[in-house]
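Colleague: Grabbed the feature section from TrEMBL, which reads as follows:
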DOMAIN    A:9-522  domain 'Cytochrome oxidase subunit I profile'
TRANSMEM  A:27-48  transmembrane segment
TRANSMEM  A:68-89  transmembrane segment
TRANSMEM  A:153-179  transmembrane segment
TRANSMEM  A:191-219  transmembrane segment
TRANSMEM  A:251-269  transmembrane segment
TRANSMEM  A:274-295  transmembrane segment
TRANSMEM  A:307-332  transmembrane segment
TRANSMEM  A:344-366  transmembrane segment
TRANSMEM  A:415-441  transmembrane segment
TRANSMEM  A:461-483  transmembrane segment
TRANSMEM  A:554-572  transmembrane segment
TRANSMEM  A:578-596  transmembrane segment
Amino acid sequence: MSTLAQKKGFGAVLWDYLTTVDHKKIAILYLIAGGFFFLLGGLEAMFIRIQLAVPNNDFVSAGLYNEILTMHGTTMIFLAAMPLIFAFMNAVMPLQIGARDVAFPFLNSLGFWLFFFGGVFLNLSWFLGGAPDAGWTSYASLSIASEGHGIDFYALGLQISGAGTLIGGINFLVTIINMRAPGMTYMRMPMFTWATFVTSALILFAFPALTVGLFLLIFDRMFGSNFFDPAMGGNTIIWEHFFWIFGHPEVYILVLPAFGIFSEIFAIFSRKRLFGYSSMVFATVLIGFLGFMVWAHHMFTTGMGPIANAIFAVATMAIAVPTGIKIFNWLFTMWGGSITFTTPMLWAVAFIPSFVAGGVTGVMLASAAQDYQYHDSYFVVAHFHYVIVGGVVFALFAGAHLYWPKMFGTMLNEFLGKITFVLFFIGFHLTFFIQHFLGLWGMPRRIFTFLPGQGLETANMVSTVGAFFMAAAVIIMLINIVITSVKNEKVGNDPWGDGRTLEWAIPSPPPFYNFKQLPLVRGLDAYWLEKMEGKKGMSPAEPLGDIHMPNNSFIPFVISLGLFVAAFGAMYRAEHSWGIPVLIFGMLITLGSMFVRSVKDDHGYHIHKEDLEDNNDKGVKA
Amino acid sequence: MAAEQKMTYETWPASPEKQTLEAKNKFLGFWFFLGGETVLFASLFATYLALKDKVPSSDMALAKDLFEIPLAFIMTMLLLTSSLTSVYAMYHMKNFNFKKMQLWLGITVLLGLGFLGLEIYEFNHYVHEFHHSFTSSAFGSAFYTLVGFHGGHVAFGLLWITTLMIRNSKRGLNLYNAPKFYVASLYWHFIDVVWVFIFTVVYLMGMVG
């Protein structure tokens with residue numbers, strides 16, 4: 001990226017990124033935007049912990065606290081964790097299967113811009129009359145009654161960004177099925193690619209439920225329908241079902257790619273083939289399947305009755321089995337390996353006990369009878385932060401360190417990386433371990449303050465101190481990024497020295513066409529196999545020939561912008577006369593640009609063989 | 001084989017809709033998209049079933065008061081026939097007979113327009129004769145959302161097929177636009193399948209169930 005910046009002016013680079021359809025650049029866009037929202041969500045988390053540091057605190061008001069809490073959850077799940085995972089999927093998956101790009105480069109770009117405009121729309125609520133305040137789950141009984149436009153921002157913003165995610169999921173599925181390099185059978189795919197595959201399938205079948213739920217919410221709040229209004233025959237439980245039919249697969253959408261990243265890391269830094277590869281694949285698919293069968297365990301106290309509760313409880317506990325298979329496989333991968341404790345490996349090793357702790361409380365919560373005790377207490381908060389931070393966020397940090405050289409051509413500083421890890425690891429357990437006990441002692445979740453003399457002071461203060469450790473860790477990581485980018489010491493193909501999969505066989509960052517000749521894959525850990533036979537790189541599977549590339553396009557940006565504009569029209573329809581015209585205008589922008597895309601032929605272009613011959617894989621052109 | 005290459009009857013492959021990599025991707029991706037759409041409509045059906053006949057006061061119209069077989073039957077016939085005509089269009093597409101494909105697509109569009117016209121008449125009828133509207137009850141909201149989403153899909157499909165027909169009217173078939181016609185017809189079949197379920201769940205079960 002930086003070499004490019006030196007050659008071109010800022011405007012040219014900006015235009016390049018606004019119109020790019022290259023999966024590697026879209027990965028960088030996802031990383032930057034997701035990283036930005038991660039900092040925003042982190043800031044909101046800090047406000048929550050500062051408010052709860054001491055009893056009767058008035059750092060923020062009760063109403064503002066509800067907004068901060070809602071936006072923390074919504075931002076972290078939809079605008080930070082998912083885009084950051086998409087960043088790694090985009091950056092790495094096509095390289096791992098030996099593809100030159102994803103199946104639909106144009107849609108890849110569209111997916112990013114939809115997410116981005118949805119996220120910006122949601123966060124504009126802070127400046128336009130108040131953020132949503134009904135929690136990230138936005139239960140209809142609360143959200144229908146919420147005044148102002150906060151919930152409208154939530155529903156419309158998530159609708160736009162959700163469409164982007166769905167497009168991304170379809171794109172990855174087709175890429176993996178249709179574009180694997182010669183010899184790359186399904187059972188030779190790296191675990192991260194498998195995780196991407198199953199995750200994408202989950203996205204495809206989970207997100208439409210959210211889409212419908214959000215539509216019903218939008219219609220109820222902005223267009224006068226009565227889905228959730230009991231007085232008119234409506235039923236608020238419908239929202240809960242749709243939200244969790246989406247919401248439970250969503251947690252596997254987040255954690256399966258995390259498992260994938262860790263599987264790569266354990267194998268690389270133990271210098272061993274991943275233990276039990278087939279059972280890992282099986283476990284991933286099984287988790288994805290069972291993930292759809294358990295949504296109502298979020299609703300045990302809704303009153304579904306003992307039979308439904310029992311079925312969902314048993315199904316939930318069953319997920320512990322494939323997850324346990326994975327945990328043991330990772331442990332056995334390390335067993336007898338020659339382990340190097342690099343920064344990614346530290347995160348991976350720390351992930352196992354942290355995530356297992358979250359899993360254990362998960363099985364406790366799965367027991368419907370016990371859940372009546374834990375429900376809506378800090379025990380639940382502790383549980384889901386153990387799995388999401390201890391699983392997903394650890395993986396994002398690990399993945400950032402692992403793949404930074406592949407994405408940017410330079411290594412993050414290992415010393416600072418380890419400091420980040422130590423601070424974050426301590427801070428994480430300090431913050432959330434004590435919250436289990438806070439919950440058991442009776443502290444309800446989502447409460448904006450508590451009284452003195454109830455035995456909650458010390459534990460809450462401990463939790464807040466822990467949060468500052470995590471904040472410090474993130475700041476050091478940012479410093480690390482700045483230092484690394486300024487130094488910009490270039491690295492070769494395989495900077496960790498023990499890369500096993502195809503992405504490490506090509507330059508860092510890869511040339512924009514990825515592979516000059518598609519590689520011939522001869523087994524699992526294709527690059528490692530070649531290295532073990534003393535070869536320097538992959539054998540080509542095809543003679544050098546012209547490479548077909550897609551053209552850049554500004555249309556994805558415009559399509560997304562149109563929906564962004566239309567969302568404002570829908571939201572202000574009831575109180576401003578310009579609402580409907582703006583809604584129509586926005587939809588016309590979107591449909592019009594889709595029309596242009598449809599009628600204008602776009603055949604892409606070819607890189608000619610002769611040009612490829614001159615260019616000996618220098619890689620700086622990316 | 002380049003997608004934009006000029007083709008003849010002799011060089012036209014057996015499966016022109018998945019001849020190039022782009023076409024294969026489009027074909028598969030569109031099937032996945034329809035998978036997602038299935039979940040979308042399943043959710044809307046679930047909502048409808050949960051809120052069927054849920055009205056705030058007992059003098060409001062219920063499903064058994066609203067629906068009549070003749071209208072729903074004519075609409076069903078129009079849409080089912082349009083699915084058949086789009087099959088004819090794809091048969092001619094595979095045989096490199098552009099003119100006949102256009103003709104059958106044109107008939108498909110006309111049948112679809114007829115369906116849409118009847119649906120608009122139907123909605124109008126319910127609103128004015130029965131005061132059954134989008135905002136009158138939860139039943140109304142669920143009914144118009146389910147059937148309206150389907151109607152919206154029909155309208156989008158008509159615009160899509162018409163755009164394809166006009167855009168390609170002068171240049172005929174090639175491997176670049178053949179998959180476009182093919183996925184549009186897939187979409188049209190999907191809409192038809194959804195309507196079969198609407199006919200059963202909303203109209204038939206509405207009158208007897």
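The backbone N, Cα and C atoms fix where each Cβ goes, and this holds for glycine too.
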Colleague: What mean pLDDT score does the domain 'Cytochrome oxidase subunit I profile' (A:9-522) have in the model?
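Modeller: Summing pLDDT over the domain 'Cytochrome oxidase subunit I profile' (A:9-522) and dividing by its length gives 96.
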Colleague: Under a criterion of three or more Cβ pairs within a distance under 8 Å and sequence separation of at least 6, are the transmembrane segment (A:191-219) and the transmembrane segment (A:461-483) in contact?
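Modeller: They do not touch: fewer than three Cβ pairs between the two stretches lie under 8 Å.
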Colleague: Can you see whether the transmembrane segment (A:554-572) and the transmembrane segment (A:68-89) are touching - at least 3 CB pairs under 8 angstroms, only pairs 6 or more apart in sequence?
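Modeller: No, these stretches are not in contact.
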Colleague: Give residue numbers and ranges for long-range contacts of the transmembrane segment (A:415-441): same chain, 6 or more residues beyond its ends, CB-CB under 8 A.
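Modeller: For the transmembrane segment (A:415-441), the nonlocal Cβ contacts are 49, 343, 346-347, 350, 354, 357, 361, 374, 377-383, 385-386, 389-390, 397, 401, 455-456, 459-460, 462-474, 476-477, 479-480, 483.
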Colleague: In terms of Cβ proximity under 8 Å, which residues at least six beyond the ends of the transmembrane segment (A:153-179) contact it?
Modeller: 70, 74, 78-79, 82, 86, 89, 93-94, 97, 99-100, 102-104, 107-108, 110-119, 121-125, 128, 131-132, 134, 138, 143, 189, 193, 196-197, 199-204, 207-208, 210-211, 214-215, 217-218, 221, 560, 563-564, 567, 570-571
Colleague: Who are the long-range neighbours of the transmembrane segment (A:307-332) in its own chain, taking Cβ under 8 Å and residues 6 or more past its ends?
Modeller: 259, 262-263, 266, 274-276, 279-280, 282-284, 286-287, 290-291, 293-297, 300, 348, 352, 355-356, 359, 362-363, 366-368
